[in-house]
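Pulled from TrEMBL:
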type     : residues : note
TRANSMEM : 6-24     : transmembrane segment
TRANSMEM : 31-49    : transmembrane segment
TRANSMEM : 55-74    : transmembrane segment
TRANSMEM : 86-106   : transmembrane segment
TRANSMEM : 112-134  : transmembrane segment
TRANSMEM : 146-170  : transmembrane segment
TRANSMEM : 182-201  : transmembrane segment
Amino acid sequence: MNNTVSFILSLSILFPIIAWIVRLNTIPKAYYPLIYMLAAGLIVELISFRSKNNAIATNLYVLAEFILFCWLFYNLKQVLSKRKWLYALMLPFILMWIFECILLRKLDSFDIYYRILYPFALVLLAVNQLNYLIINDRHEMILNPLFILCCAMIIYFSYKCLIEIFYMYAHDSVVGNAIFSIHIYINVLFNILLTLVVICLPKKRIITLR
């Protein structure tokens, strides 16, 4: 697949962004980290298309992506309800990123272990949230935006973890190249699911004084 087609498919990230713009005044603030992540993702896609080496942009993005997802789950006050849990989850990964990208000067390299471990952590976070929903909130599960988000995260970040492992240890292999190609379509699926998340989000509560 050539770069132009890959870039066009990557612009599927516009779907959830457009849905968000349409619903801008009705979406609860707890979900704002999601739109920040989508906006950052669009910027990285544009940079990647124009630049020969997008390592710096993507390495900055994967740090922001992890922080924003943690912030989102903290806002929801369910599996990550306390600030100390938020810090306990985020701090080791932030320190790992700083160590590899800054101290080891690998900001312009894809060969960092953080890129393997952070998607794995997000998968575990999504699985825990999914378990919480199944136990505590089974009402209209299919249309629950948090349920859709968790499913999307499990699919996308499981595959992303696999990609990073192959890139580090076997990126020139036939299997590795096939996995990289399939990731483009996984990314499209992820963006479609995020669009459904935005569409299904409940309207924010408006308090009026009488």
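Yeah, the Cβs are placed from backbone N, Cα and C, and that goes for glycine too.
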Any chance you could find the range in 6-24, 55-74, 112-134 with the most Cβ pairs under 8 Å to the transmembrane segment (31-49)? 55-74
Mind checking which residues reach the transmembrane segment (6-24)? Cβ under 8 Å, same chain, six or more beyond either end. 35, 38-39, 41-42, 45, 48-49, 184-185, 187-188, 191-192, 194-195, 197-199, 201
Go through the chain and flag residues at least 6 beyond the ends of the transmembrane segment (112-134) whose CB is under 8 A from any CB in it; none is fine as an answer. 59, 62-63, 65-66, 69-70, 73, 76, 78-80, 89, 93, 96-97, 100-101, 106, 141, 144, 146-147, 149-151, 153-154, 157-158, 160-161, 164-165, 168
